[in-house]
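**Student:** Have a look at the structure that comes next, please.
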Amino acid sequence: MEQSKQLIGIKEYIAIVILMIGTKLSDDTPAILFEQIKNAGWMAPIINGIIAIIPIYLLMKVVGNYKDKSLAEVTDHLFGKFFGFIILFTLLVVAFCATIVDTAIYTDIIGTMYFTKTPTIIIYGILIVVCAYGARRGFEQIGSAAWTVFPYLQVSLLLALILSIREGNTAFLFPLFGPGPWEIAKESSLRLSIYADFFYLFLFFPLIKSKKDFIKGTWLGLVFIVLNIAIFMTCFVFLFDYKTIMQLSYPYHEVIRTISMGFLTNMETFFLPFWLIASFVRFSIYLYINALLIGHLFRIRHFEYLIPSLATLIVFLGLIPESPTFTIFNLKEKILLIATPLFFFLPVLMWVVAMFKGEFKHANKKKRK
Amino acid sequence: MQIRKNASKFTVFLFILLFLCGCWDQKEVEELAYVIAVGIDKAEDHENRVKISYLIANPEAGSTAEGGGSQEPPREIISFEADDFISSKNLANTVITKHVTYDLLRMIIVSEDFARDENFIRWIYDATKSMEIRRDIRLLVSKEDTATFLQNNKPVLETRPHEYFEKILDIGNEIGTTPPSELNTFFRITEADADLFLGIYGTTEKGEKKESDGDPDEITAGEFKYEGETNTTQFVGSAVFKEGKMIDTLTIEETRLSYLLNPTLKPGFFLGTFPDPFDDKYRIVTRIEANGPLKFDMKLNGGNKPSIHVKIPLLLEVMSNHSMTDYPKDAKKRKKLKESLKEDITRKFEDFVKKTQEEYKTEPFGWSLIARKQFGTIKAWENFDWMKTYPGMKIEVSVQLKLGKFGRQSDLPRLEEVRD
């Protein structure tokens with residue numbers, strides 16, 4: 001068992017982090033933020049990024065205290081078998097719901113923006129089959145795939161950025177504070193869980209080559225993601241102004257439909273494949289996380305075998321909602337609001353428990369010996 | 001080894017992409033009818049229906065790759081009544097042999113009659129619903145029915161319709177005879193509810209020439225008189241939209257003024273004429289271009305009446321000298337010319353701004369975007385209510401004129417010497 005453990009290095013890890021969370025800028029996450037915070041929506045990722053430092057830092061303290069223990073094992077260790085099970089089960093439910101909702105959204109994007117005639121089940125099926133295949137290959141494989149495609153994705157994003165800035169107008173950023181500073185702070189911190197994926201990253205702690213790589217990779221990933229999302233959301237405002245942007249379901253896809261490069265007018269066909277690849281990587285990781293948690297909770301050693309059946313379940317659950325553009329948008333918003341306190345207070349709770357149990361002193365003693 | 005592994009994985013990814021490029025949405029280029037322009041008119045009897053016209057391009061026509069030298073015409077036009085321009089795609093296929101698609105749609109044409117209708121906005125928003133329609137297409141207003149407009153439009157040289165429209169609208173943009181008029185901008189301005197939107201105004205019918213004092217730029221669509229063997233279509237001036245409804249038209253000159261007053265647009269080189277200060281009989285040909293960005297001084301939040309001061313830096317080149325005045329040697333004459341031009345231009349700007357304040361109650365210059373910078377929150381800005389405050393504002397325009405070249409050969413012989 002120990003021998004087959006797949007370890008990945010820092011660059012693969014960063015690529016995974018960024019593809020997993022940064023891809024959010026291209027779905028309806030910006031729309032959710034713009035909905036309440038209007039033209040100041042671009043501040044939300046920055047504010048949230050700063051707030052997210054607290055839970056991530058505390059988690060690092062706690063999880064980093066143990067060698068070779070993932071978040072799941074640490075939770076069991078800190079809270080005991082019973083409470084540990086409840087907490088991890090909640091995490092699993094949130095992750096599973098998020099996977100269903102997000103895959104449904106991506107299917108909706110592909111269905112409404114690109115392949116209007118293809119039946120939803122086929123799009124959904126292909127998307128999930130590809131991701132399940134990726135997840136089935138294991139964490140190391142996802143990591144190297146992520147690292148391979150990462151530069152291409154960033155270059156395509158950069159190109160989209162340059163083209164849209166050229167056509168945009170900076171005056172749309174004003175009035176700078178949109179609905180008012182207090183409103184911005186409140187509404188964005190309520191949606192802190194756009195970064196909740198960081199929490200799940202700690203499940204991979206023992207799979208990264210060294211503790212240092214993990215810490216460095218996570219922080220670098222956070223900075224990169226905050227910048228990526230904030231810059232892109234600013235760009236959306238530049239191009240559309242706040243009234244229009246509040247009505248767009250998928251701003252990124254409207255952007256690539258609006259920009260053109262010289263005589264190349266229909267640029268969306270160029271950006272679509274890059275975006276698809278990023279989505280594949282993202283959902284492969286999501287599927288892997290789900291399987292990992294189930295494997296831990298129910299003591300299934302070779303949890304990879306669960307992935308195909310999980311994937312099938314996701315497709316059928318994801319197909320249920322009617323007119324997904326609206327229903328899933330609302331569902332996602334609810335999940336975000338529910339997950340926010342979980343993401344913020346659980347690390348705090350874990351840190352406090354670890355303090356009282358004297359875990360940190362324990363570790364220090366060990367080190368001194 | 002790692003690289004080879006990665007490369008093979010990447011190939012697998014690419015291979016999987018192949019699945020996504022088709023199946024149900026697979027389209028063969030040969031089997032599509034590309035709509036270049038959609039025309040929308042009011043239906044004759046039904047209030048809640050519209051008349052749709054399609055201009056469909058023949059991709060084979062005029063291309064060098066033409067194999068057997070087909071004699072097919074470059075375009076096809078069809079007009080019919082429908083509920084909207086989305087469902088009309090299927091109706092059109094009762095006549096058109098290929099599958100109608102909006103993939104290459106470049107413009108939406110609306111008749112003036114329909115654009116002035118209250119309900120116009122309901123139909124134009126269909127464009128945001130359809131998957132194929134891009135947001136950077138243009139909005140055109142035709143004086144007559146769009147069906148007539150499209151049928152009368154027979155370009156002599158650029159017979160391929162997409163090429164014709166792209167070229168003529170681009171050139172109009174550059175020389176300032178027509179506004180840029182992107183659909184995206186139309187939606188943005190309508191939703192922001194502060195400025196006016198300018199759409200391209202065109203016609204194929206020759207109207208009555210207005211009696212004016214002879215300034216050839218004070219014309220709008222249908223008023224340009226020309227002869228010869230050419231197309232009947234002209235794109236002249238702009239259609240003014242307020243709150244998603246057309247309210248008026250602008251002449252070429254007014255369109256150019258709004259280019260120069262708009263900080264979000266990049267004006268090109270405009271050729272225009274002004275009265276000669278040394279001889280009333282003649283007019284001076286000038287080439288005007290913006291000489292740097294506009295400078296705004298807005299006082300909106302104070303207790304007093306809100307005021308705006310705009311400084312417009314212009315570079316002007318004198319291209320003709322019919323009064324044969326001695327400019328190179330005589331600095332005083334140059335000064336007089338500059339003063340006179342400056343006065344003329346400032347008056348034009350002021351008159352136009354006044355017109356927007358009194359007639360339209362708001363402006364087509366995008367000034368509200370600059371004004372927004374003075375407000376901290378959206379609420380404060382919405383309470384200020386630009387459309388309500390604009391007519392009462394004190395607006396000053398000052399032109400910073402810089403005289404450039406006096407043509408290729410700057411000096412001319414003195415008339416007295418020639419006629420000696």
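Our numbering is plain: 1 for the first residue shown, then up by one each step along the chain.
Cβ coordinates come from backbone N, Cα and C, glycine included.
The transmembrane segment annotation in TrEMBL covers A:7-26, A:46-66, A:78-101, A:113-133, A:145-165, A:190-208, A:220-240, A:270-293, A:305-323, A:335-356.
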**Student:** Are the transmembrane segment (A:113-133) and the transmembrane segment (A:190-208) close enough that 3 or more Cβ pairs fall under 8 Å, when only pairs 6 or more apart in sequence count?
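**Tutor:** Taking Cβ pairs at least 6 residues apart, the transmembrane segment (A:113-133) and the transmembrane segment (A:190-208) are not in contact, as fewer than 3 fall under 8 Å.
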**Student:** Report the listed stretch (A:7-26, A:78-101, A:145-165, A:335-356) having the maximum count of Cβ pairs within less than 8 Å of the transmembrane segment (A:220-240).
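**Tutor:** Maximum Cβ contact count belongs to A:7-26.
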**Student:** The transmembrane segment (A:145-165) vs the transmembrane segment (A:270-293): three or more C-beta pairs under 8 Å (separation of 6 or more)?
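**Tutor:** Contact between the transmembrane segment (A:145-165) and the transmembrane segment (A:270-293): present.
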**Student:** Look over the recorded stretches A:46-66, A:113-133, A:335-356 and say which has the most C-beta pairs under 8 A to the transmembrane segment (A:305-323).
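**Tutor:** Most Cβ pairs under 8 Å with the transmembrane segment (A:305-323) come from A:113-133.
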**Student:** Given the transmembrane segment (A:46-66), which of the listed stretches A:7-26, A:78-101, A:113-133, A:270-293, A:335-356 has the most Cβ pairs that are under 8 Å apart from it?
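**Tutor:** Highest pair count goes to A:335-356.
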**Student:** What same-chain residues lie close to the transmembrane segment (A:335-356): Cβ under 8 Å, and 6 or more beyond its ends?
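**Tutor:** Those are 32, 51, 54-56, 58-59, 61-62, 65, 74-75, 78-79, 87, 90-91, 94, 97-98, 101, 189-196, 199, in sequence order.
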**Student:** Go through A:78-101, A:113-133, A:270-293 and flag the stretch with the largest number of C-beta pairs under 8 Å relative to the transmembrane segment (A:7-26).
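**Tutor:** Selected stretch: A:270-293, with the most Cβ pairs under 8 Å.
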